[in-house]
Amino acid sequence: MIFLYAALGGFFGGFLRWSLAQLFPGKRATLAANTLACLAGGFFVSLDLPHLYTVLLIAGFCGALSTWSTLAKELGQLLNEKKWWPMLGYLSLTFTLGYSAVFLGMRL
């Protein structure tokens with residue numbers, strides 16, 4: 001049963017992730033997806049939900065929406081191109097927005 005909840009949440013999170021990639025070019029989609037996943041995750045954590053809903057919303061939806069592997073690929077490309085400052089800026093912005101979004105989400 002848990003698998004079905006995770007899969008259902010993952011379907012919707014993955015669809016939203018794909019939709020963001022259609023709306024925003026490149027790194028903007030990754031930044032938007034990760035920030036939105038952090039905001040939603042912070043909000044869902046604050047609700048003290050039953051375990052199955054936590055699996056559905058946090059592990060499934062937020063897990064599929066966030067895209068840390070794409071972030072690693074994008075940071076790796078900047079690193080290989082020796083674009084140190086853009087890499088550090090992108091990494092800093094991602095973590096700053098992510099942590100801020102979790103903080104905000106927990107207070108909504």
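Each residue, glycine too, has its Cβ placed from N, Cα and C.
Under the three-state DSSP scheme, G63 (Na(+) binding site) falls in the helix class. The Cβ of G63 (Na(+) binding site) lies under 8 Å from the Cβ of A6, G9, G10, G13, A37, each on the same chain and at least six residues away in sequence. Look at Swiss-Prot and you will find G63, S66 tagged as Na(+) binding site, backed by sequence analysis.
Among the features that Swiss-Prot reports, transmembrane segment is placed at 1-21 (among others).
Feature annotation from Swiss-Prot assigns transmembrane segment to 39-59 (among others); the stated evidence is sequence analysis.
Feature annotation from Swiss-Prot assigns transmembrane segment to 84-104 (among others); the stated evidence is sequence analysis. Residues 27, 30-31, 34-36, 38-39, 41-42, 71, 74-75, 78 of the same chain lie 6+ residues outside the transmembrane segment (84-104) yet bring a C-beta within less than 8 angstroms of a C-beta in it.
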Which residues, sitting 6 or more apart from S66 (Na(+) binding site) on the same chain, put a CB under 8 Å from its CB? G13, R17, A33, N34, A37, C38
